[in-house]
Amino acid sequence: MATNKERLFAAGALGPGSGYPGAGFPFAFPGALRGSPPFEMLSPSFRGLGQPDLPKEMASLSVETQSTSSEEMVPSSPSPPPPPRVYKPCFVCNDKSSGYHYGVSSCEGCKGFFRRSIQKNMVYTCHRDKNCIINKVTRNRCQYCRLQKCFEVGMSKEAVRNDRNKKKKEVKEEGSPDSYELSPQLEELITKVSKAHQETFPSLCQLGKYTTNSSADHRVQLDLGLWDKFSELATKCIIKIVEFAKRLPGFTGLSIADQITLLKAACLDILMLRICTRYTPEQDTMTFSDGLTLNRTQMHNAGFGPLTDLVFAFAGQLLPLEMDDTETGLLSAICLICGDRMDLEEPEKVDKLQEPLLEALRLYARRRRPSQPYMFPRMLMKITDLRGISTKGAERAITLKMEIPGPMPPLIREMLENPEMFEDDSSQPGPHPNASSEDEVPGGQGKGGLKSPA
């Protein structure tokens with residue numbers, strides 16, 4: 001079992017060697033080793049070493065020794081390296097050529113211009129008489145005449161197409177979906193995690209959106225009406241996250257103490273991930289599970305405060321990943337079941353439980369995007385970003401506690417729990433006014449608390 005000091009060190013950063021098995025998922029790929037040409041390794045002082053001047057009486061002896069010894073040979077000077085290959089100037093613009101491309105000697109600029117023009121079926125227009133002079137100074141002034149010059153000097157359309165098809169074939173062979181087949185066990189795991197996520201978090205298209213005009217146009221320190229609504233929805237979201245955790249294979253097999261430790265550590269991470277997947281960039285809004293849709297200003301006024309822009313920026317960074325529900329569920333599970341959290345009783349057991357989740361996400365993401373091999377590590381890097389946001393969120397809770405008129409809602413309080421942070425609230429254990437009987441954790445022993453998710 002790792003010591004507290006070791007866990008504290010591990011919790012500082014997410015990456016190989018902490019929560020993830022480093023050997024299984026390397027993110028750094030060493031470059032190919034290159035040997036130095038043998039003659040470049042020799043000191044210049046040893047190249048072409050001649051015989052030193054000798055006295056006349058020794059010269060004949062030296063010559064005789066050299067001629068009669070069959071074992072001693074004077075090394076000849078190394079032949080000079082061949083001169084670098086010189087190509088004719090670019091046939092299109094007369095600039096320095098980098099080689100033969102698409103059938104003619106051409107520079108990198110004209111090679112790239114011709115390739116892009118053919119691959120994208122570009123149609124250009126000449127604003128003069130279609131006889132512009134093309135050289136290295138004027139080549140960017142008229143794309144029409146430059147392309148015509150490419151054809152005139154012999155550049156081949158077919159060579160571009162063949163090159164493109166060859167690259168596509170290589171990518172297809174390297175990343176064929178058949179090479180990322182999932183075992184029956186991983187297929188079953190993915191199905192269970194995906195179902196757990198979908199049944200505890202409806203997708204954006206399933207929600208009936210509605211909006212409010214409350215403080216929609218200007219930022220204020222805190223809109224109490226929006227805060228009450230947000231805290232109510234956040235409480236329900238935490239309950240759903242606990243339910244999600246209980247449905248993950250193996251989670252309830254952990255000790256009760258470790259289940260609570262993992263939930264408290266990751267709950268805010270998963271909450272942020274979930275709300276950010278409901279970001280609509282066209283309107284710059286986020287939608288909650290009941291359909292309430294708030295713009296950036298309203299999110300600020302609902303309690304996010306200075307955290308708002310950081311959360312919206314993260315939501316924007318998720319968009320290029322185009323994660324589906326299965327990937328979001330797997331990433332949430334990996335975020336939750338992580339052995340580098342502090343105060344775990346059995347971190348090794350947690351790590352063992354996380355390994356198949358990592359493998360499932362890796363293979364699923366690669367099978368879904370055969371030509372994008374780096375999507376899996378990019379997803380994992382988002383967990384690091386989420387932890388940074390959660391740290392800022394805990395800091396925001398300190399100032400928010402002084403802005404709201406009553407106590408922090410119980411589940412939110414426990415999610416961010418730091419004994420010193422909420423010491424003044426210890427005498428107010430009652431539920432938040434907006435909390436209902438539904439706010440009790442399923443299977444819990446205490447109302448509104450993360451007492452026992454098992």
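Placement of Cβ uses the backbone N, Cα and C atoms for every residue, glycine included.
Residue with Swiss-Prot feature SUMO2 cross-link, selected from Lys149, Lys229, Lys246, Lys401: Lys401. Checked against Swiss-Prot, the residues Lys168, Lys172, Lys447 yield a single entry marked SUMO2 cross-link: Lys172. Checking Swiss-Prot for zinc finger across the ranges 126-150, 176-200, 201-225, 276-300 points to 126-150.
For the zinc finger (90-110), same-chain residues at least 6 beyond its ends with a Cβ under 8 Å from one of its own Cβ atoms are 134-136, 139, 146, 149-150, 153-156, 159-160, 163.
The average per-residue pLDDT of the prediction over the DNA-binding region (90-155) is 89, rounded to a whole number.
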